[in-house]
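Enquirer: Below is a structure I'd like to ask you about.
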Amino acid sequence: MTVGKEEESIPHSSSFDNKMENDSDSDEEDSIDLDQENEKIIPKYKTIGKAFLLAAIVVAILVVVLPTTLIDKVQLKTDGVIFRVAFGIFMFCLFLCLLFIYSLSQSVAWEEPNLNDIHLNFTNITIIAGIIIEFIQICSFSFNSLSEFTGSEILRYFNYVAVPFAPGISFRVIYWIMFVLAFSPYIFVVTVRLILHFMTRNYGENYTSSFISKYQQKIYSVLWFLVNTMYLPVISTMFGGEDCTIKSDSDSSTATLDSDPNINCFKNIHIPFMICSLIALVMYYPAASFAQSQTQNISDIKFKPRVVFIFAQLKVILAAVTLFATTLIEFYLGAVLAVNIIFMGINIVLKPCLVNWVNRLRSVLFSLALAATVCSWIAYGGAPKIAPLILLIVSWIALAILFYLFYKFEPTLSDTLTSLGLKKNIININNNNNNNNRNSKEQELNKV
């Protein structure tokens, strides 16, 4: 009998193995089909993105042509509305171009397990420095001249890390520096390629390949630092070339550039600023937003590309609000507060970095920036000038202590909760078993 059972079990096991092989084959076929579908979809995304890029270029021409030709034919206020609407459509087309070409058509740059330790090298130190500078830039938006309080005058100097100019003649100098930096990713890449070409011709391919393998990480980290840390200054300065304010009284209307009130908008010297800002935004905004996620793959400190994309767009919103809505203090502080909440929420919930302690560090930094914005709100509400400063210092110290205690005792708390959950599960299992035993005994008694 046992022999027969064994003989019967053999074909059963072989059929099971065949089924497993068929399942694995079907999984491979499904993955191949998905890859083929993605390959078919990606060109469509790129085509749509190129269409929006073309639309952005057409709208950019209208941004320059319409206000400059209509300035003496329609009211100045109407001309300003046309300019702002056209510029808004231009930026929206650029965003859609970025979304389709650089985000939807690109796969996730990495998939690796979580890391806790990183190597102390040039690349990782550069990225940590970039994270600190990013915090200073984001936190600087919390300090506004219309909601200042004791101590905020000094803190407002950090605004120059994100918006590197003050209204006046100095804007013209800073503008052209940032205009050149808008092309820095392209200049950097072309320069590196020329150097490598020179090395290949003079020293041979072996020398060039060894040079690349030795310095590739440092080259990419410099490019990442340029793109990540200069993103807000370049974008905000290019916005500064388009930031016009129209003032009307009973006699006349004037349109001046907020970044330099000596410049009249839509004519003379402002036209080169308009054209150069649009060119720089077309060249820099999509490429720099994409490069922030794609130049990080040589470092231990990696972030989810989709989250990097979202963070970059939120930074653009901060720059736009700072340049175009600084005097609308309630709207300005509300937008900064909302962006800081989103920054902190995304970082806590999604944990975008592979390195856990980097996620914790960024959560602390974003919470400090959020506290600074709340203090500016309190100052705008008419509180005594010293009260927001005291609240800022106390809240920063309290948040630092709370995060320290939370992260220190987090493993203990999680283990305790896990053990409590296991105990509850064991108790529930025992209760279920007891109930089943009772039910079975009652059924046997009923049968008797």
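Yeah, the Cβs are placed from backbone N, Cα and C, and that goes for glycine too.
Here's the feature list from TrEMBL:
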- 1-10: compositional bias 'Basic and acidic residues' (COMPBIAS)
- 23-33: compositional bias 'Acidic residues' (COMPBIAS)
- 1-33: region 'Disordered' (REGION)
- 51-70: transmembrane segment (TRANSMEM)
- 82-102: transmembrane segment (TRANSMEM)
- 122-143: transmembrane segment (TRANSMEM)
- 173-198: transmembrane segment (TRANSMEM)
- 219-239: transmembrane segment (TRANSMEM)
- 269-287: transmembrane segment (TRANSMEM)
- 307-325: transmembrane segment (TRANSMEM)
- 331-350: transmembrane segment (TRANSMEM)
- 362-380: transmembrane segment (TRANSMEM)
- 386-407: transmembrane segment (TRANSMEM)
Enquirer: Counting a contact as 3 or more Cβ pairs under 8 Å, with residues at least 6 apart in sequence, do the transmembrane segment (307-325) and the transmembrane segment (173-198) touch?
Expert: no
Enquirer: Could you name the stretch, out of 82-102, 122-143, 219-239, 331-350, 386-407, with the greatest number of CB pairs under 8 A to the transmembrane segment (269-287)?
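Expert: Result: 82-102.
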Enquirer: Quick check: do the transmembrane segment (82-102) and the transmembrane segment (51-70) share at least 3 Cβ pairs under 8 Å, counting only pairs 6+ apart in sequence?
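Expert: These two segments touch.
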Enquirer: Flag the pair the transmembrane segment (331-350) / the transmembrane segment (51-70) as in contact if three or more Cβ pairs fall under 8 Å (sequence separation 6 or more).
Expert: no
Enquirer: Using a Cβ-Cβ cut-off of under 8 Å, list the residues of the same chain that are 6+ residues beyond the ends of the transmembrane segment (386-407) and lie near it.
Expert: 149-152, 360, 363-364, 367-368, 371-372, 374-376, 378-379
